[in-house]
Amino acid sequence: MTIALGKFTEDEKDLFDIMDDWLRRDRFVFVGWSGLLLFPCAYFALGGWFTGTTFVTSWYTHGLASSYLEGCNFLTAAVSTPANSLAHSLLLLWGPEAQGDFTRWCQLGGLWTFVALHGAFGLIGFMLRQFELARSVQLRPYNAIAFSGPIAVFVSVFLIYPLGQSGWFFAPSFGVAAIFRFILFFQGFHNWTLNPFHMMGVAGVLGAALLCAIHGATVENLYFEDGDGANTFRAFNPTQAEETYSMVTANRFWSQIFGVAFSNKRWLHFFMLFVPVTGLWMSALGVVGLALNLRAYDFVSQEIRAAEDPEFETFYTKNILLNEGIRAWMAAQDQPHENLIFPEEVLPRGNAL
């Protein structure tokens, strides 16, 4: 019989409690449990992007130069997607494609999947960080809920859309000019600007910008400073510590301008949260639809009439011809592996030509 001598107290902490104390300790930069996901993923995503844009070519995947080493600048450098022949392979460094060869892995486009997946989990980690801190200081979690909008857009564009297509090849590459090319691709192949989900996204983002401008200007206008020397030009101090603006005055002002105004701060700020986040969610939903090649707003009757009547043309039919041109020119350049050749006589020409 074995007898263990010792005294167990309730103050004794297990490993989880020790880690919890260290991770959530009050320090200059909060770590938290979410930091175990956020910091490594953000580090690898940014590190992979800087490495790719500095050193790695896209010659083997797109037939392009895409790094500073090859002469690109900040606007033209990119971490490009893998070749279409690799489909939806995760392109793990130790996988059958690269077989542990780092140079080969970079040539195949492995950095793109590396950056995309670590970037997605890094964004999720940042949202969890906001949840964790909100819970620690007893706030509502609306900051984290709002950040789900950018996460939804990133995941839908960089992951779900190419999963619905033939491979990662059709996702955006990580670069400024590369994103612009992807936008043109979306327009030419999906008529994205006429998609109602895109319209809701634009309304949400631009509407949020308008709301921010109005809100900031209104609050700034209502700052006041008491004192004998105060006048119209000296009474406003944007750096003062006290919150001195009047909601009643703001309500009276905008009631006279528009005829309607927000009645309280809670409804006003909820609306400023609702507009951009809903717009981002709707645009993400639309991209999921494009992944399945769903179409919206095809006005076929106008196309038929424009084809039959040389004098009939609308802005819609002109845009359709423009989309055909984008497809014809972009497909041959963007998908060289398909060996697409479009003779001059089949390229789209509008009635005006």
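Glycine is treated like the rest: Cβ placed from N, Cα and C.
Swiss-Prot has this to say about the protein:
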| type | residues | note |
| --- | --- | --- |
| BINDING | Gln130, Asn143 | pheophytin a binding site |
| BINDING | His215, His269 | Fe cation binding site |
| BINDING | His215, Phe262 | plastoquinone binding site |
| TRANSMEM | 41-61 | transmembrane segment |
| TRANSMEM | 125-141 | transmembrane segment |
| TRANSMEM | 153-166 | transmembrane segment |
| TRANSMEM | 208-228 | transmembrane segment |
| TRANSMEM | 279-295 | transmembrane segment |
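On the structure: features taken from Swiss-Prot.
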residue: Gln130; record: pheophytin a binding site; contacts (Cβ under 8 Å, 6+ apart): Pro141, Asn143, Ala144, Phe147
residue: His215; record: Fe cation binding site; contacts (Cβ under 8 Å, 6+ apart): Leu268, Met272
residue: Phe262; record: plastoquinone binding site; contacts (Cβ under 8 Å, 6+ apart): Asn251, Trp254, Leu268, Phe271
residue: His269; record: Fe cation binding site; contacts (Cβ under 8 Å, 6+ apart): none
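Counting Cβ pairs under 8 Å to the transmembrane segment (279-295), the top-ranked stretch among 41-61, 125-141, 153-166 is 153-166.
Cβ contacts within 10 Å of Asn143 (pheophytin a binding site), excluding its own Cβ and spanning all protein chains shown: 15.
Following the DSSP three-state reduction, the secondary structure of Phe262 (plastoquinone binding site) is coil.
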